[in-house]
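Residues or ranges marked as domain 'AB hydrolase-1' in TrEMBL: B:431-528. Per TrEMBL, the feature domain 'Peptidase S33 tripeptidyl aminopeptidase-like C-terminal' maps to B:645-737. Feature annotation from TrEMBL assigns transmembrane segment to B:19-39, B:59-80, B:101-123, B:156-181, B:188-209, B:237-260, B:267-288.
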């Protein structure tokens with residue numbers, strides 16, 4: 001459980017986080033969405049005690065992060081895969097971290113195995129690819145077997161296989177009842193992973209909802225093509241829908257595809273196409289955060 | 001806490017770059033060996049006294065220590081700046097969110113590594129330098145130090161241990177700097193500034209600031225902590241405080257810098273308080289406060305003042321007299337040890353004149369001491385008793401019987417009364433005991449707990465009297481060509497006879513082999529004995545004067561030239577002596593009378609009242625006719641060439657009107673530190689008889705002529721004396737100094 005309440009964070013005159021409140025619940029993968037510069041990383045840094053907020057609180061399991069005695073046993077975090085010393089081996093890096101939280105050496109081998117770095121455990125990190133570093137960062141987050149996990153843009157630099165691995169790992173972790181917060185600026189990625197989303201833009205909360213709800217909100221009606229489109233339009237209007245013409249077909253809203261199919265069948269009208277449409281998640285995301293994008297393409301003109 | 005510390009230990013250990021850095025520190029050992037090699041080459045290219053001018057390299061750390069410190073500082077700085085540079089700091093702070101704990105957890109592993117590495121390095125540096133120096137290490141230099149220093153020398157092992165123990169402190173300075181500056185390059189530059197640039201800049205500062213600022217540089221602190229021999233004005237306590245203040249200040253700054261906003265106040269308060277307390281320690285004066293005496297400049301470096309003392313120390317509230325004192329102040333480059341008090345000879349000489357004319361001899365000693373002397377109450381030209389009265393006196397004859405002894409007494413008494421009548425109370429209190437008590441009054445006025453003495457010639461009598469009366473006031477006692485007040489008269493006579501006979505033998509040997517000797521080709525000894533024996537029967541006239549020289553007169557006139565032949569290789573005084581003998585053998589004593597008259601305005605050497613005022617009250621005279629007879633007989637047995645000469649001084653005291661107030665008495669040897677004596681061909685053995693009365697004492701023998709080695713600038717003697725006066729370390733018995741090779 002992560003609880004962020006009334007969080008405000010300022011860098012000089014710039015307001016990075018503006019009165020942000022949300023909660024991340026256990027057992028779910030929660031996506032933390034927003035364009036670059038929205039304040040996602042700052043919020044996560046506040047949760048981890050790396051920054052002190054101007055006002056508001058960020059609690060993990062009901063306590064500020066800084067008061068945790070062995071924080072890695074309660075919270076695992078991947079903030080920046082580059083935040084390592086290239087001169088150490090993967091195993092040494094993890095062992096240093098583990099020891100600082102009283103975690104046994106055995107865990108180092110286990111997490112390296114878990115993230116698929118067991119074979120390169122004794123190689124210096126300097127020679128690692130970005131993807132390997134992401135895996136190493138995730139291994140570090142898993143060291144303390146924590147109930148709360150936070151990942152900032154974990155799929156950056158990963159190949160498709162790696163991306164799928166991360167998705168499955170998060171689902172697995174959530175499935176074990178853990179609290180999982182994953183930030184991303186890519187909506188599509190979240191659609192495949194997250195159960196719940198928190199969307200922010202310019203530091204403000206834009207949406208805090210389940211994934212299905214978010215999809216629902218951006219329903220765009222059903223595209224219908226039929227042999228007798230005029231009759232069908234009348235029937236559907238009578239059925240309570242609003243109907244418009246579009247691209248040689250009908251754009252129907254107010255009825256779902258199943259009901260449209262039933263009404264057409266009842267009148268013996270052959271359907272050539274019946275396509276429920278939603279805005280792509282990318283579009284929805286742009287729509288939600290459009291106002292808040294700091295350096296939007298429109299304004300750049 | 002423990003977990004965080006162990007984690008930092010793992011971090012330190014798991015970076016190969018740290019190992020390379022430590023390996024780099026071996027450079028410091030090579031530097032020390034290199035410097036020792038250069039010094040060895042330099043000293044091998046010099047001869048004799050020029051070698052004494054070299055600067056000591058001490059335990060040998062000089063060149064390498066800053067390098068070793070830099071490596072340790074860099075290790076400390078890198079332990080945090082590398083985390084900033086790579087971003088690891090964010091990962092680390094997520095693992096250990098309490099930031100000051102995170103920072104301080106780095107200290108124990110750093111301390112462990114740098115302490116071990118540091119000790120290995122300093123001993124490595126020391127042994128490398130000593131190995132290169134080899135035997136040269138023991139060379140005693142002009143400033144009283146040896147060229148090198150062996151581990152068994154006092155303070156050396158402690159100094160090395162402290163220098164090694166300072167390494168962790170430097171590492172903590174690096175850690176603190178790294179936490180503040182965050183950039184590796186910036187931290188390295190700052191460390192280089194602190195460890196290399198500032199000390200060099202300090203050396204370019206003028207006057208006292210060079211020493212004041214230089215003493216606070218990290219590399220000069222360990223030596224000051226063990227009160228070592230190097231430069232620096234801080235007391236051991238103050239130096240320790242400064243050394244600890246460095247990491248305290250750096251770590252305080254680091255803890256404030258690393259704290260999350262608003263959480264830096266506590267470390268700032270604690271660190272600031274500790275630093276302030278440590279700074280306060282350095283303000284505590286390092287040695288006795290400057291005395292309240294109103295010193296006034298009186299020419300050159302010299303400062304003058306005066307101290308009131310009673311004329312008669314048995315009546316402390318009686319009549320007072322003012323004793324003039326002068327000092328050459330300490331240069332202020334090293335921690336001041338105290339005051340060296342120079343006791344002049346004579347009796348009747350002025351120590352202030354010595355400081356004016358021969359103050360250069362004290363140049364090296366003034367790094368650590370004020371040098372103070374006095375114009376003692378018996379100085380002949382003070383004016384209380386007219387100088388013209390004191391510088392003259394009657395001619396002495398050797399009494400042939402009791403009646404002549406009594407008539408000598410009457411003559412002496414009448415002569416003494418001429419001076420005494422001017423101020424009888426003052427005249428009667430010109431003994432060395434009164435002078436010693438005056439010195440004690442000066443010690444009190446100087447606010448010195450103890451004094452370190454350089455006593456020359458008759459100053460030796462004052463010195464031993466002071467040591468007898470005030471043993472607790474003696475820190476060190478160097479007696480140079482001392483007059484022996486403590487030996488019984490028979491022993492003193494034997495020593496003097498051996499001395500002058502030995503010197504006569506040297507003269508005769510020289511004369512036999514030197515064309516410029518007027519007696520060459522003749523047996524100088526036989527000629528001299530013939531002359532003096534004949535003259536005792538029938539005195540030799542001085543041509544054109546109504547004066548004739550007895551054998552006794554010849555001996556008294558000849559002794560100073562014989563003892564002081566003049567500079568080699570000419571030995572002008574020996575030449576003059578030989579010419580005068582040659583002339584006297586032909587029936588004319590004017591060869592002697594001429595130069596005696598030049599020096600004394602008298603055709604024969606007068607028995608100076610100005611010396612007798614002190615000699616006689618110090619008990620140098622005979623206790624009666626019986627003793628005179630015994631001594632005369634003894635002299636004739638011991639001294640074939642100069643028998644009778646040794647009677648001259650005591651005979652001056654026959655009939656003296658003032659009582660013996662400072663008779664010889666033993667010193668409380670068990671309450672005195674070991675003494676050092678130094679002397680030449682003619683005064684070493686007598687000096688040795690004085691100083692060896694205190695157990696553990698030692699002497700330096702100069703194998704050449706002269707009297708008063710220190711004041712006359714003999715570098716070898718000065719080097720040994722300075723070593724003794726500075727660090728109370730004596731040369732082994734039998735140590736000799738050689739005159740510069742002729743050429």
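Just so you know, glycine gets a Cβ as well, placed from its N, Cα and C.
Across the domain 'Peptidase S33 tripeptidyl aminopeptidase-like C-terminal' (B:645-737), DSSP classifies residues as 32 helix, 12 strand, 49 coil. Same-chain neighbours of the transmembrane segment (B:156-181): 58-59, 61, 65, 68-69, 72-81, 84, 103, 106-107, 110-111, 113-115, 117-123, 126, 149-150, 187, 190-191, 194-195, 218, 221-223, 225-226, 228, 243-244, 246-247, 249-255, 257-258, counting only residues six or more beyond its ends whose CB sits under 8 Å from a CB of the stretch. Within the chain, the transmembrane segment (B:59-80) has long-range Cβ neighbours (under 8 A, six or more residues past its boundaries) at 8, 11-12, 17-18, 21-22, 24-25, 27-32, 34-36, 89, 103, 106, 110, 113-114, 117-118, 121-122, 125-126, 128-130, 133, 148-149, 156, 159-160, 163, 166-168, 170-179, 181-182, 184, 187-188, 191-192, 194-196, 199, 218-219, 254.
Counted with DSSP, the domain 'AB hydrolase-1' (B:431-528) comes out as 58 helix, 13 strand, 27 coil. Across all of the domain 'Peptidase S33 tripeptidyl aminopeptidase-like C-terminal' (B:645-737), the predicted model scores a mean pLDDT of 92.
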